[in-house]
Each structure stands twice: as C-alpha cells, then as structure tokens.
C-alpha cells in the first residue's frame, strides 16, 4: 500500500498486477513498475559497479587518450541526458507549485536518473584519461537503460493509441528524446576510441587489433575476422601474424614468475647441503702436513642444516603469478553455470504451455525468446571464460619455458648430469603444455560439483526422493574413479620417464649421427630406441585399457543415474506417472549432469598429469646453481696493483658429493703474463680453466680475477649463424679490428673457400667447417671481444704446424695481438714453452711444478727429465723447437718436489676426470664436421647460401592421403569396426530417448497407473546396456588402434631418419628433428585417439539431434538446411585459417628447441663471455614468435565457437518456436524430446567443429612425421646380390680412379680427379693445408658422400656397387672428435655384443685403458655420461682406438685422431697401430708430421688435387709443398 501511495497521489497504481501483466492477451506493466523498477534498474547497476570499477581504473592506467569526436559526442550526449532528467524534475516542481498533487516517484526517479547520468558522463571522461578505448561497463549500462526504456516506450505507444488517452506532452516528449539519446549512446559505445598516447600499439608496426577493439568486438571476437578472411583467401604466412599483446610477452611474464619462485625458495629456507672434505685419520702422518696424497681416499662429511626444510611450492608460485587474472574466469564460469539451468526450467514452462490449451500464444513466444536469450548469454559467458583460461595457459607456458631456459644457464654440472638435454627439452615441450591444457579445465574442480549439486536440486524438485537412487550410483562411482586416477598417475610417471629416456637417446643419436654412420652402428641404436619405445608403448597400452574402462563408466554413468532414478520413481509408487514434463525436464537435467560427470575424471586425470609435471619442474628449478661469487672478480680500475689471477690453496670439485678434482692449487699470475699449463691426459688442465671460470664448485681457498675473461674451449662451440656473427658474438662490428683478428687467426684464406665469405651460414654446430676452422673461429671470437684475461684450452691442437705457428706468433705469443693480455694456454707443444713467462705442470689434479722454462730445467725435476729424454730419443726426427711436439711423460713417478706434491703414475692409477671438455659440459658437438668448407668460392650470392633449412609449414587443406595413411597405420579393420561401434552406440542412445517419449505419452489407466510400465522400463534399460557395450568397444578399438598407428609412424620416422644421408643432417636443424620425436609424436600418442573419439561422438550426436528435431517438427526442415549451410561455410572459413595457424605454430616451435639445444651445448662459453642476457633475450624472442601463431589460433577457436553456437541457438529458437506454433497437433512427449535435443545441439555443434578443427590441426602431426619419413635415403645398407665375401678385403688394396666428389649438386667439386693406388699393408699419410680435401677423401672412402665421377676399388670390388654396411663394417676409422654415447663402456665398444669380455679386455689393454677401466667400480659396465662427459678427451680417444682394435679390419683410417692429445698418448696410439695393424692398410690424416715420417708414402693434397705423392724422404728431397710443411714443423 505504501508503494502504491509512493507511485500515485491517490494510491491507485500498484507495483504489480497479474491481470494487467500476465493473465491477458495484451500484456503491459503498471505505471508504478515503469516509474520505479524500469527506471531504477540501470541506475542501481551503474552505482553498484562504480566503486570497484573506479578502483580498477585508478590502478590500471593505460595512458592518456586525446579528446576525439567520438568522446566529445558521448560527453555531450551525457550532459543532454542529465539536462533532460533535471528538466523532468523541475517540471515536477513547477507542477507542484501550481497546486497539483504529485506522486513522490515523479520527484525521486528524475533525481536518481539525473545523478546517474552525471556519473555516466564523469566515467566517460575518467575512462578516457585512463586509456580505456571501449568500456564494457558503460555499454552494458546503456543497453540496460535502453531495454528498460523500450518497455516504457511500448506502454506509452499503446496508451497513446487509445481513444480516451490522456497525454502528458512535456513528459512524453522528454521521454522520446531521452530514449533517442540513450539509443545513440548505445550505438556510440559500440565503437572504440583512438589508442592512448605513447602506447605500444602506436609504436608497433603490426599491432594486435584486440587492444583497440570495442567491447562488443571483444566479446564476440569480431576483431580477428580480418585475419580469418585473409586466411580463407590465401594461406597465412608468418609475416601476416600480429605482434603479441605486451602483457602476454616473455618480457612481462617470465620475470614475475622467476622473482616469485626465488621468494618462495627463500621462504622454504631451502639451504644447499654443505660438504666438507676431510682425509681419513692417519696416525703415521706428520701433524703439520696439510697436503693430501692423490692416492689417499677422501671422506666427504655431509653437514645438513639443523631444521627440516620443506620443498618450495611451484603451485603457489604459479597461483601467485597468474591467479589474479585467472580469477576473472571464475565469474564468467559461475554466470555460465547458472544460465545453463535456465534451459530445463524454460523447457518445463514450454511443456506446461503446450499442455495448457487456454494459455495465450504470446507466453509461448516469450518462453522461446527467453530460451534464445539465455542461450546467447550462456555462449558469451562461456567463451569469455575459455578465452581467459587459454590466455592464462599460454602465459604459464611462456613463463615456464623462460624459467627453465634461465635455470639451464646457471645449474651446476652435477645437476646437468641428472637433467639431460632430452629431459630439459621435455620440460619445455610436454610438461609446459600440460599446464597449458590444465588451465582450460581447472575451474571444473569447483564448477563440476556446483553443476551436479544444482542438477540434483532441480531433479529433487521434479522427481522427489527418487533422485537419491541416482545419487547412490554416482557415489558408487567415486572410489572407482579414484582408483583409476591413481593408476593413471602411475602410468603417467612411467610414460614420462620412458619418453625422457627416448628423447635423450635420440638427441645423442642426432648429435653423433656421423660416427654412427662411419661405424655402421645405426641398427644397434635403432634397436636401443625401439626397446625404450616398446616400454613406452606398454605403458600407453595399459593407459588405453584404463581409458576404455573410464570412457565406459563416464558415458554410462548419466544413463545409469537416469535409469535408476526413473525406475525407483515409477516402482516406488504405482501412482507415480512418468509424464513428459517429468521425463524431459529430468532428461535435460541429466544431459547437464552428463558433462560434469564426464569431464571431472578427465580434469582429475589432467591434474594428475600436471602434478607429475609440476614435480618434475620443481625438481629442475630447485637444482643447485653455480656460485659465480665463489670467485672474486675485480674490474681493472678497482684492482690496480693486484695480480691478474690469484689462487690460494684452492680445492675444486665437479660435484659436491664427490671427491675433489683439483687439490691445493696455489699460484699468482701478474698482468700481461703468458702462462702455459702442461701435463698428461686427465691430469686436470681443462679443469683448472673451468675452475677459474667458476664452472666448478670451490670447496675451499681463495680465487681472485682482475678484469674481463674470454675463453676458448678445447672443443669449439659454433652457433647456427654466419661466420661473422659467430666471431662478433653480439658485439658491434669494428671493421679494422675485425680484419686484424681474421688475419691473425688465419681465417682470411678460408673466406675464399666459403661460398659467401664471412656471411656464409656455417650451420648447426659448424657442420660445414673442418675441425681446425672451427677452432680458429672459436679463437677469433675470443680475440675480438678484447678481454683482459684469456683462458685458452689447447686451441692449437686441431690445426696443422704452419697454421699453429702463425696463430702463436700473431695471436698468443709475445708479439701477438694479445701480448698485453693475461693468457693461460693449455698446450702440448714444447716449442712454445721457451717463449712463455710461466709454466704450470699439472699432475693428478695438483700443480707438481711451476716456474719459467729455464727454472724448471734448472730444477731438474720431472719436466726437465722429460725434455732431456724426449730430445735424445727424437732428435733424428725433430729439433727441440718442434712446434707440435707434445708435453708428456710428466706423469711418471718422480721424487717429491719442494711443496710435497707427488707426481703420480699416468697409466697406473689416473685421476678420473669428470670434464676435460669444459666447452659445455655436455655432448661432444663437433662430430659432424663436413668438409663443405672446402668448397671453392664461385660468386654465389649471399642470400643463396643458406645451409640449414628452416622448418617449413605446409599450406592448404590437409590432404586426404594423410587421414588414409593414419587409418592404414591403425589398421583398416579396426578403423571400420570403430565407426560401426560408434554408430551402434548413438543409434541405441536415440532409440532409448525416443522410447522414453513414447513412454511419457502412454495414457494413465483408470486407476491412475501406466499399464506398460515394466515393459517400457525393461526396453529402456536394455537399450542402455547396448549403448554401454558399444561405448566400451569403440573406446577400446580407437585406443588400441592409436597405439598401433603410433608404433608404425615412429618406426617409419626413426628408420628413415637413420637411413638419411649426412647431407640431410647438415641442412636440417636438430631442433626440427627433436620436435618431431617429442611434441609431434606426443600428439600422435596421446591427443589424436582422444580427438577421434570426441569428433566421432560429436558427429553422430549432431546427426541424431537433427533427426529427432525433424521427426518431432517436420516444419523444421525449412530452416535446418539454411542453418546447415551457414554452419558449413563458417566451419570451412575457420578451418582454412586455423589449420595454417597450427602449422605456423608448429614451425615456429622448432627454433625454440634448436636454440635451447645450442645454448645447452655452449653454456660455459656463454657464461665465460657473460652473454647470458643476450641469449635469454633471443630465447624469449623465439618463444614470443611461437606464441604469435598460437594466440590467433586460440582466438580463432573462440571466434568460431561464438558463431556456431549462434547457429545452434537459432536451432533452439526455431525448434521451440515450431513447437509453440504446432502445439495443438504435437504431443507433450515429442515437444519435450525435440526441445531437449535442440538444447544439446548447440554444445554438439560447438564440439563438432572444435573437434573437426582439432582433428585437422592434430593430424598435422602425422603430416609432419610423414614429411621426414619420406625424405631421400642414402644407398641400401645391405645388397645381397653384390655382397662381398666375408674375407673381403683380404689385402686392403685401395685404388682411386679419376675420383671426384662434391657435397651438393649445385656446388663445386671438392676432390678433383684423384688417381692413386695404395697397396695392401701400406702406411700412407695424407697431409695438406686446411680445406685441401683431406677429410673429404675419407668421407668418400666411407661413402658418406657419393662420388660425382670416378670410382674407388678395394681389392677388386667397386665400393659403389655394394651395400653401405657391407662397406663400412669392413673399414675402421678413428675420428678426430671422439664420440661416446650414454650407456655402459662395453656398449660404447661393442654395441652389437659381437665380442666376448676377454676380447674387449684385450682391446682395452692394447689401447692402454685396462688400468683405468680396472680401477672403475663397475669395470666394463661403467656408465658413460651423455657425450662421454665423465671421461677426458684423451681417454675418449683411447676408447675409439679400442673400438678399432676390436674390429681389426684390413683398412684403418685415422682422421687427425691424435690432434687433441699429448705426445705420450700420441706415441701410445702410434705404437699400438704399428704393432696391431702391421698387415693392414693405414691411411692417416695428420697435422703432426713426425707421426707419419716413417710411413711408406705421403699424399699431399691442395685444393682438392694431389700435388705430391711419394715416400717422405723423396718428397723432402724434392723441396716442394711437403718440404715447406716439414720446415714449418721444424722437422728439417
């Protein structure tokens, strides 16, 4: 009553009147309702939003937008609206002053509306100042205001049309003007304002249009339409992609995660374990002695912190970093879930309307409109939710990849052993992807229970306590699902472990492929990969069985819930009638229930997978980091007067839980000194340099360095970039300095050889450079950086005597470019030693002697004894200044020197060195040096010489042949059986629902019961059982078929890659191949079978829904075909772009892995040059490039879904509309069936297109696997028809007949018309300058490259006519770069297990390794690290010698095999070869000419041609090329 008096002066105007508004054929709202509710609703909306929105804008300033015409118009209209409201208010005051009785509402409403319009105007300007280009808050406000005004407008028009209507001219005119202005404001709010000043969008040449899109465009994803149109017209290219939004870039995302992780680690008080090394107590040792004997065991005392640490929580860190943005998705999801239940409730109203023949028609149309609007709102809310989830997932992946990359740059060497390259790549690819996938569905953890609870609540209202039967079924399923989740986790862990092992092995195979081919070991390693793959597939098969059972329970649970509920409902009381309303409203609710019940186990499974990945990432990110602070660094100006390097009583170790590698190191080096470090293999020379670089853990002592450091590793690390960029290494080009460095490092002649000079791309790991060229590039990089301290780890080993002498004189020596720099040179060359300032003699991890050359000779210690012995025994071959004579023999027992350090026996008990190769503490990377560098320069343009082929994206539609290939890989029987079972499942589902509609139409008997109840129930149950059997069958068939396909596709890929020629690996970045074996194969393993199941399910569901709608309302046939056409067009329109975006994303992913691999291999070089930040930026850039393709693809999904769901919503609209129109001729059961199916069709259509797109985008993985399964292959491995006899070659006679060789068809010859015959048993040396064609000759002999012309005859057989393995098994090579693989030492010697242990031990003894291997705890089963890291380079070289001794073939090739070892090791190898290969033909490519002076012949190559050939003594007499080389080496 009070409200009536508030609305009218006489209290005659109620707020609500059912007779006026509902029970009438011409409904209207009361005046009071119009003046209060319809006027106040927009006001209350804006005022309720204002506080939070104002706070949000205050904290998120995006910049200042200049006043534009659009903004001026909106502001002006806001003032006009305010004026209209105040005019209405003043008019009311005027009326009151005239004595009229006015209702209070006429004063209150204009006042409230006027203040609200003022607030709206203020917000328009405040948004402009804060950089808001389009406001969702304001657009919603104007929309609500317009809708409310529209109802009032209709009422005013109806009133005005009445004859006796009283017209209030002023108020009506004011309202019409108000309505017009609100409509204009709404239209203007649909447009976006200009970009803020100084924003990223203004500066970006290709900005993402999202940032400047209007609110309406953003919620409908209209802003991406331009790209979709472009993609439909022609295939998208990477240049068409927009820049990432700033908030999605690595620059923004990664630092936040890394900082939060650091804070979490501090909170968890995760202190590293301290390890104190102490000797065992020895009562016989003098009390004052502090030095340890190398042979004494060292105890490690592990001192743990007193309090128990908890592990840092990565989940907390992820939540803290991404939670706030992600929380917005909660609101959208909650809104969507609530709107979802509007459908069944409106369905109930429609069924009641159909049953009520007296109800006015407009109510049916209203219900139809409500159903359509609720469906549309549901669509918009759902896809905003998905968009936020996908963007969050993308950001998480970016952050995780960035964090892993940054961590990989700083972890310790012991940590690197526990995380191999393959495992870290998996962290970046598979584990990061798991988080991405989980972000989409994690909200289902709370949403699914909410949906289930609401569904059960509405079911209780509909069916009463009978619903408890359904609840009981669901509760019974909980423990079952829990057990399955635990099992899934177990299988997931096992699967990831197998995958890590496989990727690790594949990485090693790809890095060592050249060695595998030379040894003909491809089959052995193929078997190793397949064994791991077999274990992986076993786990996948178990997971498939589990998935089949899971799918069976998930699909059948909703049906069992419905069956049990209906059964209890109709049997508990005979009077309970299952009518259309109860059945189909319940069925609609059961359909809602189906999704959370189906998705929840999948979400649990995803969470389980993500938890495994979370743990793996946490372990990796928790690895101990190197401590650069362990070495004190001073700048030149701050450290004046100090020595350049000072080391006091320092002890270093490679791993904290292992004994030290270097003990009691003490020395000081003044500024500008040249220091040589000499010693035997494995004595700690390279470790000393690594210690100075802070690559090792310092146990005790003090180390100080003054100035910047440059480092040249023992094995050169080369990037996949141009020669120039490898030398500049991120520094600006200074032409004069650059040329001086190139000349000093003897690189100018090489520029003539390279096709595009220093702009030639030199390939991944420098594949097209020789070993010497790579070493000189590495040296040039260091020299160019102009540092203060140079650490040079044997840089002269891989170059010939002439070049070595040149480099020492021009770069390292007293008159070289570095003459004023502090230099520490690890070397084996005696001739350099008289010119150095200080010599450090290493032995057993200690400094045995130290002093100048003359001081050490005067001291008459081990060094002096060696020099005298060497001079006496070798004087017939070399003078004392032989530039390549090695420093060795320094490990032999000698009397104790002054500081009490013993020099231990070299062979007796060598120190096992963890990392002589300190270039990267990783895989040996240089094995792939091909002599492409020996090409003649022939005016090839710069842009034509790209050695490495970037990963290419296919274009256009995925060919049907790809699907057919996948079906064949599955097996055609299984494929067609799966389709048949899918059909059975959906036919039985349709039949059961149609049966239900017939059941609901049964008329109750006179006594109020249904006569056919039990029959109906039995058939309904039987159809459900048939559905369950079909579900289990197709799920099992698809899963098992998927495993068959995965096995076949992997095998094809592996076999083809291993059978590819070396040229394939030289031009294909390893990242491309790793991508195929990791991400693409994971898609085939895990994704494609799931997508097939969902695609087939969606397809049959859509067909079924259309059939039901057409059966119920045949008139729908008028609208279904046009909507079908729209659907088809939108789908094809979308797929064209989506498919190409997926391809571009896949292609841009490969460089991320390639760069990551490259970084891991050269991490110590990067750290030494302090280039971490530059490499981090490069990595971030590559990740962002990858996400540039991914982001449009997820938005395209949303674009499609919104449009297709609109098509689906139209089907709902027309199904309900036709049901309302035909209500007099339709039964309630058919109406219920039709509308309930139409409610589902939106989801089905959405899933169908998503799954068809997912199918096409994921099948791209098959396409990409097939791409590398069909590349050109090298010649057959075995040819039975031409296989040589087992005794071949019996003498070892090798004949080159007019032999020519080129590396590619478009390149020049590198060997030109070689004609030479080498008799069986001859020992032939092959010499020549760098790039002369020496290595090319061996590549031709092993047919790594096939001949361009001519032939090679071995013992009468043309090697081109026999199989490659027939050839390569019969020739042995000891390569320049010794490559070992992870696995046992025995496997590295004999991968085919052809030889007995006795034969292996004999080979080790002859290779001088027996003592070393015997001292190892596991002997032959000693586990070699990845790339043989835990052996020194010299020890690895001796392992290669042992391989050759085991094979004992008639032809042996040494490709600069002793270049990187000291003279003693060289002598050991040479003496073994002379005795053990006495009857064999030996071809030696040599830099140390003294090793071939006793050979029968020497071949001198120059520019691919034989210049000289003859006995060494003859060639010396000729005084030609060989004589000049011998002279440079000091041999004449």
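In case you wondered, yes, glycine gets a Cβ from its N, Cα and C as well.
The topological domain 'Extracellular' annotation in Swiss-Prot covers 1-33 (among others).
The N-linked glycosylation site annotation in Swiss-Prot covers 19. Here residue 19 (N-linked glycosylation site) comes close to no residue that lies at least six apart in sequence on the same chain with a C-beta under 8 angstroms from its C-beta.
Tertiary proximity for the transmembrane segment (34-54) is limited to same-chain residues at least six positions away from its ends with a CB under 8 Å from its CB atoms, namely 3, 6-7, 15, 103, 105-106, 109, 112-113, 116, 119-120, 123, 126, 137, 140-141, 144-145, 148-149, 151-152, 155. Among the features that Swiss-Prot reports, transmembrane segment is placed at 34-54 (among others), with the record citing sequence analysis.
If you look up Swiss-Prot, you'll see 55-74 (among others) marked as topological domain 'Cytoplasmic'. Mapped onto DSSP helix, strand and coil, the topological domain 'Cytoplasmic' (55-74) counts 11 helix, 0 strand, 9 coil.
Feature annotation from Swiss-Prot assigns transmembrane segment to 75-95 (among others); the stated evidence is sequence analysis.
Across the topological domain 'Extracellular' (96-100), the prediction's mean pLDDT works out to 76. Look at Swiss-Prot and you will find 96-100 (among others) tagged as topological domain 'Extracellular', backed by similarity to another entry.
What Swiss-Prot lists as topological domain 'Cytoplasmic' is 122-133 (among others), and the listing cites similarity to another entry. For the topological domain 'Cytoplasmic' (122-133), the residues of the chain that approach it from at least six positions outside its boundaries are 46, 50, 53-54, 57-58, 60-65, 67, 71, 74-75, 78, 192-196, 199, 211-212, 214, judged by C-beta separation under 8 angstroms.
Residues 28-29, 34, 38-39, 41-42, 45-46, 49, 53, 120, 123-124, 127, 175-176, 178-179, 182-183, 185-186, 189-193, 213-219 of the same chain, all 6+ positions outside the transmembrane segment (134-154), place their C-beta atoms under 8 angstroms from a C-beta of that stretch. What Swiss-Prot records for 134-154 (among others) is transmembrane segment.
Long-range contacts of the topological domain 'Extracellular' (155-172) within the same chain, counting only residues at least 6 positions beyond its ends with a Cβ under 8 Å from a Cβ of the stretch, are 26, 28-29, 34, 88, 91. The topological domain 'Extracellular' feature in Swiss-Prot is assigned to 155-172 (among others).
Taken from Swiss-Prot, the feature transmembrane segment applies to 173-193 (among others), supported by sequence analysis.
According to Swiss-Prot, the feature topological domain 'Cytoplasmic' maps to 194-317 (among others), an assignment based on similarity to another entry.
As annotated by Swiss-Prot, phosphotyrosine applies to 277.
Under the heading transmembrane segment, Swiss-Prot lists 318-338 (among others).
The list of residues near the topological domain 'Extracellular' (339-364) in space but at least 6 beyond its ends in sequence, with Cβ under 8 angstroms from a Cβ of it, reads 24-25, 27, 370-371, 374-375, 377-378, 381, 451, 454-455, 458, 462, 580-581, 584-585, 588-589, 592, 1216, 1219-1220, 1223-1224, 1226, 1228, 1231-1232, 1235-1236, 1239. Annotated topological domain 'Extracellular' per Swiss-Prot: 339-364 (among others), in sequence order, evidence recorded as similarity to another entry.
If you look up Swiss-Prot, you'll see 386-441 (among others) marked as topological domain 'Cytoplasmic', on the strength of similarity to another entry.
Positions annotated as transmembrane segment by Swiss-Prot, on the basis of sequence analysis: 442-462 (among others).
The stretch from 75-95, 442-462, 968-988 with the most CB pairs below 8 A to the transmembrane segment (592-612) is 442-462. Same-chain neighbours of the transmembrane segment (1091-1111): 551, 978-979, 982-983, 985-986, 989-990, 993-994, 1034-1035, 1038, 1042, 1117, 1120, 1211, 1215, 1230, 1233-1234, 1237-1238, 1240-1241, 1244-1245, 1247-1248, 1251-1252, 1254-1255, 1258, counting only residues six or more beyond its ends whose CB sits under 8 Å from a CB of the stretch.
The list of residues near the topological domain 'Cytoplasmic' (55-74) in space but at least 6 beyond its ends in sequence, with Cβ under 8 angstroms from a Cβ of it, reads 124-133, 185, 188-189, 191, 193-199.
Under the three-state DSSP scheme, residue 1334 (ATP 2 binding site) falls in the helix class. Under the three-state DSSP scheme, residue 1329 (ATP 2 binding site) falls in the coil class. Sequence-distant residue pairs (6 or more apart) of the transmembrane segment (318-338) and the transmembrane segment (442-462) include at least 3 whose Cβ atoms are under 8 Å, placing the two stretches in contact. If one looks beyond the transmembrane segment (173-193) by at least 6 residues along the same chain, the residues whose Cβ comes under 8 Å of a Cβ in the stretch are 65, 68, 70-71, 73-74, 77-78, 80-81, 84-85, 87-88, 91, 128, 132-135, 138-139, 142-143, 145-146, 149-150, 152-153, 156, 212-217. Listed binding-site residues: 1329, 1334. The one with the lowest count of other Cβ atoms within 10 Å of its Cβ is 1329.
Residue 19 (N-linked glycosylation site) falls within a helix when secondary structure is assigned with DSSP. Within the same chain, residues 422, 425-426, 429-430, 433, 499, 502-503, 506-507, 509-511, 513-514, 516-517, 522, 525-526, 529-530, 533, 540, 544, 720, 763-764, 767-768, 928, 930, 932, 947-951, 966, 969, 1038-1039, 1041-1042, 1146, 1149-1157, 1254-1255, 1258-1259, 1261-1262, 1264-1266, 1268-1274, 1277, 1303-1304, 1339, 1344-1345 sit at least 6 positions outside the topological domain 'Cytoplasmic' (1048-1090) and bring their C-beta atoms closer than 8 Å to a C-beta of that stretch.
Beyond its flanks by at least six residues, the topological domain 'Extracellular' (570-591) meets 341, 343-345, 347-348, 351-352, 355, 455, 458-459, 462-463, 466, 558, 561-562, 993, 996-997, 999-1001, 1004, 1007-1010, 1013, 1017, 1227-1229, 1231-1233, 1235-1236, 1239-1240 of its own chain at Cβ-Cβ distances under 8 Å. Helix, strand and coil content of the topological domain 'Extracellular' (155-172), in residues and according to DSSP, is 11 helix, 0 strand, 7 coil. All protein chains considered, the CB of residue 1332 (ATP 2 binding site) has 27 other CB atoms within 10 Å.
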